[in-house]
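> If you scroll down you'll find the structure; I have some questions about it.
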Amino acid sequence: MAIVKKKKVSAASKAATEKPEVKKAVKRPVAETEAVTPKKKKLVKKVKKSAKKAHEEEPIEQVEKLQLIDDDEDGLEGLSFPGSDDEDLRDDYSDDDSDAGDHLPIEKKSAALDKQKEKIIAEGEEELQLNIANQATFELPTVEEIENEMKSVPNLEIVKQRIADVIQVLGDFKNRRDPQKSRENYVEVLKKDLCSQYGYNDYLMGKFMDLFPNGAELLEFLEANDNPRPVTIRANSLKVKRRDLAKNLINRGMNVDPAADWTKVGLVVYDSQVPVGATPEYLAGHYMIQGLNSLLPVMALAPQPGDRVLDMCSAPGGKTSHIAALMKNSGVLFANDANFTRCRAIIGNLHRLGVNNTVVCNLGGEEFSKIRPNGFDRILLDAPCSGTGVIWKDQSVKTSKDSQDVQRRHTMQRQLILSALDSLDANSPNGGYLVYSTCSVLVEENEAVVNFLLERRHCELVPTGLSIGVDGYTRFRDYRFHPSLSMTKRYYPHVHNIDGFYVAKIKKLSNAKMSKQGVMEKEKEKAAQKSQNKKNKAEAEASESSDDEEEKKNGVEVNGQKKPAKKQQQKKQKADGDDSDDDNNAPMKNIGSGARANKKRRNQKKAAEKQAAVKEDDGFNTVGNVKRAKKPTQFKSKVPKRAAARTGAKSVKNRRKKMLAKQQ
């Protein structure tokens, strides 16, 4: 008994250490377990008492390791130890999932993903609340403060954050605005910050803000202008197929892939171990280094073998060689450029690429309408422009282009497009098409020029046949263009990952030139004006007749005497004058009717009145109280200017002298 008292404190720990022996006793056959000694019964009772005390003193985790159930016959079947069959059954059907070690690996991964997802959601909510708090405290600086800040070196991080804040405010202006600030204030601050961040002048930044009212899209466009486009090449179908060229270049150490689904000759170069412009394939004329945007106007032109084609601004010859490849070196192709030094580049590229149906010209584009009017089936005009679509190639465009430069380009483009259309043959069996393109995104150089052509010539816009691109503008701020301009295509670097570009395809309807305003519009205006004139004339006649009737009835009272109306007096004086001055009015007879006849009558009537005034005048003109001799009235010669030029100045002087003598 004394030994039992000593072990009373460590009974729970002893039960845990004797766990394997108890487990073996549970698994023994029934024959062995039936023989239970009294000592073992006493030991079980003591273990129960110690377990109760341990349950009161120790944590719950240690108590769960030993569970005793009373009222068992043998005293051992009520014991449930870890690893027993009863515990396995309890774990399988229990809702208690505190034991994480029993989960399958896929369940553990799923739980980890759920925790990670909850963490991300919580972080996003915290960030959202933080942004809302920052937006609530955002204060818009004045333009003067920003200008003072720009005088020194600006902190680009602060400027970038302010741009983001202003764009967010403009996106939800009603709820986030400062009541004391207008939208113009926010836009002005945004414009100043964008100019400071990206290095543009005010004019270009204003144009881009008009093109992209959405602030997020504007930032994407500005970022794309600072990043170069992928290097692309065009396979020369006159010498090699694109598939064979790609294999050869891959063997050279170049990583190339087909550029896009809409082109069959384009390849994009991701990286290269050799210079792209110095491979044997390049020197042999198997490909041309060319941007994907320059493939679009040639695809829209769609030249056919045997056509007469003009590339009005062709340097350095990429589009010209592409046209020759589509024509299969047949027909006649004129490659023109106004710059003589650039014509040398055209000749070199055409020789290298194997083009032999081309005539290289060095003329101004405006001269072709005089040299070969109606002489081409198809014309490509890639007009000189401001280059706002390829800013990544020339960063000086950001500051060098202003309103005057764009206006000069606009005027030149209008002259070139008129000359190009006049050089087209509208009666060509499969031609009469003009493709106008620029590497600019400004409306003044694109839609405005094409709309000008539609108003001046017999032509119409047709679909370009290109599967990609954004439709052109029909309404842009103060501009209102022809609805068919929606068939033109625009390309942006941040949308299509190519240089900014514009393509329009025009069909010539007639070789006859329209008037300045346009024949169709002029006829409509004439009809409208004619109907309006008739209406006004009818209203005037009705009002005059009503006035005459009132004057006839009422007359005019002067000094209490009723006199005839003014119009009646004029008619009476006119009739009296006609009767008395038959000799003076004799030359006015049988002149005829019409505007010229009326003019002659008026001139002759004035001359007769002057003659009558000379007869009645005493020859003096009173100025104040002094009489001055009045010069005799000199009459101009009745001889027209052209007749006077034929007869000479002497005959005119003689006639004037004779007329003065007759008057005296």
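Cβ coordinates come from backbone N, Cα and C, glycine included.
According to Swiss-Prot, the protein carries these features:
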type	residues	note
REGION	1-105	region 'Disordered'
COMPBIAS	38-52	compositional bias 'Basic residues'
COMPBIAS	53-68	compositional bias 'Basic and acidic residues'
BINDING	Cys313, Ser314, Ala315, Pro316, Gly317, Gly318, Lys319, Asp337, Asp382	S-adenosyl-L-methionine binding site
ACT_SITE	Cys439	active site, nucleophile
REGION	513-664	region 'Disordered'
COMPBIAS	519-528	compositional bias 'Basic and acidic residues'
COMPBIAS	563-572	compositional bias 'Basic residues'
COMPBIAS	606-618	compositional bias 'Basic and acidic residues'
COMPBIAS	627-644	compositional bias 'Basic residues'
COMPBIAS	652-664	compositional bias 'Basic residues'
> At a 10 Å cut-off from the C-beta of Cys313 (S-adenosyl-L-methionine binding site), count the other C-beta atoms across all protein chains.
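Taking all protein chains shown, Cys313 (S-adenosyl-L-methionine binding site) has 20 Cβ neighbours within 10 Å.
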> Report the largest Cα to Cα distance, in Å and rounded to a whole number, among the residues Cys313, Ser314, Ala315, Pro316, Gly317, Gly318, Lys319, Asp337, Asp382 that the record lists as binding S-adenosyl-L-methionine.
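Largest pairwise Cα separation, rounded: 13 Å.
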> Rounded to a whole angstrom, what is the C-alpha distance between Ala315 (S-adenosyl-L-methionine binding site) and Cys439 (active site, nucleophile)?
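It is 14 Å, counting Cα to Cα.
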> Could you list the residues of the same chain, at least six apart in sequence, whose Cβ is under 8 A from the Cβ of Asp382 (S-adenosyl-L-methionine binding site)?
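Ser294, Pro297, Asp311, Met312, Cys313, Ser314, Lys319, Ser437, Thr438, Cys439 - these are the non-local Cβ neighbours of Asp382 (S-adenosyl-L-methionine binding site), listed in sequence order.
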> Taking 10 A as the limit, how many CB atoms besides its own sit near the CB of Ala315 (S-adenosyl-L-methionine binding site)?
22
> Other residues with Cβ within 8 Å of the Cβ centroid of Cys313, Ser314, Ala315, Pro316, Gly317, Gly318, Lys319, Asp337, Asp382 at the S-adenosyl-L-methionine site?
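Other same-chain residues near the S-adenosyl-L-methionine site: Asp311, Thr320, Ala335, Arg342, Ile346.
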> What count of other C-beta atoms do you get within 10 angstroms of the C-beta of Gly317 (S-adenosyl-L-methionine binding site), across all chains shown?
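Result for Gly317 (S-adenosyl-L-methionine binding site): 28 neighbouring Cβ atoms inside 10 Å.
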> Including all protein chains displayed, how many Cβ atoms other than that of Cys439 (active site, nucleophile) lie within 10 Å of its Cβ?
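Excluding its own Cβ, Cys439 (active site, nucleophile) sees 23 Cβ atoms within 10 Å.
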> Does DSSP give Lys319 (S-adenosyl-L-methionine binding site) helix, strand or coil?
helix
> Count the Cβ atoms, other than its own, that fall within 10 Å of the Cβ of Lys319 (S-adenosyl-L-methionine binding site), considering every protein chain shown.
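A count of 26.
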> If H, G and I count as helix, E and B as strand, and all else as coil, what does DSSP give for Asp382 (S-adenosyl-L-methionine binding site)?
strand
